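Copied over from Swiss-Prot, here are the features:
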- B:His2: Ni(2+) binding site (BINDING)
- B:Cys73, B:Cys76, B:Cys89, B:Cys92: Zn(2+) binding site (BINDING)
Amino acid sequence: MCDTCGCGSDADAVIRRPGQGSGHHHDHDGHDHHHGHDHDRGHDHDHHHERRERKIGMEQDVLQQNNLLAERNRGYFEAKNIVALNFLSSPGSGKTSLLEKTIPQCKGKFSVAVIEGDQQTTNDADRIHALGVPVVQVNTGTGCHLDALMINRALKELAPEANSLLCIENVGNLVCPALFDLGEAMKVVVISVTEGDDKPLKYPYMFHEADVCILNKIDLLPYVEFDAAVCRENAMRVSHDIEWFDLSVRTGEGLDAWLAWLERKMAKR
Amino acid sequence: MHEMSIALSIVDAVDAQARVEGAGRISRVELVIGRLAGIEPESLRFCFPAAATGTLAEGAELDIEEIAAVAVCGACGFRFSVTFPVAECPECRSLRISVVSGEEFVIRSITIEEGD
Ligand SMILES: Nc1nc2c(ncn2[C@@H]2O[C@H](COP(=O)(O)OP(=O)(O)OP(=O)(O)O)[C@@H](O)[C@H]2O)c(=O)[nH]1
Ligand SMILES: [Mg+2]
Ligand SMILES: [Zn+2]
Ligand SMILES: [Zn+2]
Ligand SMILES: [Zn+2]
């Protein structure tokens, strides 16, 4: 295990239904990393002296495995005409709250399903479940991001309806989720006014990858030192054509523009 | 942050390749990491030995070549080095630049010792 960060592999990820205890639905198909990474490989350490060495060219992209799986997910979404959005933010910026406000507004327009990613607990999935939409929780254990394999497994459990919106809430973390394509149509990064308007410059990879940025908690602007215009400008420097929404999930201010954008995306498929 | 899971996927890939080649062990893994790949070579070096434990890559030497990041201006064609995925052209101030190197993250080669 890595001492600097503690992240492990996705073999430890557990897919759960809301309220379900841990330990269920371990599903390792298509992946050879079993519990605790015991590779079950005989390995002897007798070092002979005259070993012949041979160099083998690979030229293989390290993220290839993830990227291939992400493309499979993307194909699944395309075939079922599903719009998948990957929601990313620091812990606590308001991803789940935003979904709680957004989903009821979609009723009667299009179906929504949700995949929740957290290291532990089904708390977020329980909050979404209370809205009456299909949801599964991916617990990544020590892992600090969702990857394409976890989504692949979660999709089998969730079986989202054709023509629906799929919201994937990533683990609260602005660093590595940027590297892992899940097969989504777009990345939506959420930032809140309590975080500092230089966030886009501190985490350029994330903002560079993002298609949409939601500045949340603008109800708190009078109480914090945060310049929304500066923040937006910083984000634009890193991602020139990012879609931008200022809103407060709490008061509902600015939500209309976001909901209208979402409806347009769903209509345009 | 993520270097452990990255190290595990590198180990998976080189271990699989080495098995295909009938290797007894892997003595060396050559990686290419661009400065804009979002990967810290130092963290990766730190995580790799643990990730390789119990595989053919256990004890393998990790050789990392870092690639400088270079961008080209879409407006005036100026080539310059960057340290950030986005930048302004130092010649004409245009923001229409594209990164031409520095985003690579590749396993270049492995060196194996033949199995018995
Ligand atoms: N004042 C204010 N608080 C908000 C707003 N939106 C969310 N919050 C609060 O912020 C806290 C975190 O919100 P969550 O929705 O759980 O955040 P999250 O991004 O899902 O968090 P993680 O899943 O843990 O990463 C909660 O206490 C929310 O009530 C807002 O617009 N204004
Ligand atoms: Mg949440
Ligand atoms: Zn991670
Ligand atoms: Zn790590
Ligand atoms: Zn220029």
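Cβ from N, Cα, C; glycine included.
In this entry, B:His2 stand out among the binding-site residues B:His2, B:Cys73, B:Cys76, B:Cys89, B:Cys92 as having a C-beta under 8 A from a C-beta of chain A.
Counted within 10 Å of its Cβ, the other Cβ atoms near B:His2 (Ni(2+) binding site) come to 26, all protein chains included. Counting in whole angstrom, B:Cys89 (Zn(2+) binding site) lies 31 from B:His2 (Ni(2+) binding site) by their C-alpha atoms. Taking the C-alpha positions, the distance from B:Cys73 (Zn(2+) binding site) to B:His2 (Ni(2+) binding site) comes to 32 Å. Most Cβ neighbours within 10 Å, among the binding-site residues B:Cys89, B:Cys92: B:Cys89 holds that distinction in the structure as shown. Comparing the binding-site residues B:Cys73, B:Cys76 by how many other C-beta atoms lie within 10 angstroms of each C-beta, the top residue is B:Cys73. The residues near the Zn(2+) site, meaning same-chain residues not in B:Cys73, B:Cys76, B:Cys89, B:Cys92 whose C-beta sits within 8 angstroms of the mean position of the site's C-beta atoms, are B:Gly74, B:Ala75, B:Gly77, B:Phe78, B:Pro90, B:Glu91, B:Arg93, B:Ser94, B:Arg96, B:Ile97, in sequence order.
Ligand 4 lies within reach of B:His2 from the binding-site residues B:His2, B:Cys73, B:Cys76, B:Cys89, B:Cys92, judged by a C-beta closer than 6 angstroms to any of its atoms. Cα spacing between B:His2 (Ni(2+) binding site) and B:Cys76 (Zn(2+) binding site): 37 Å, rounded to the nearest whole number.
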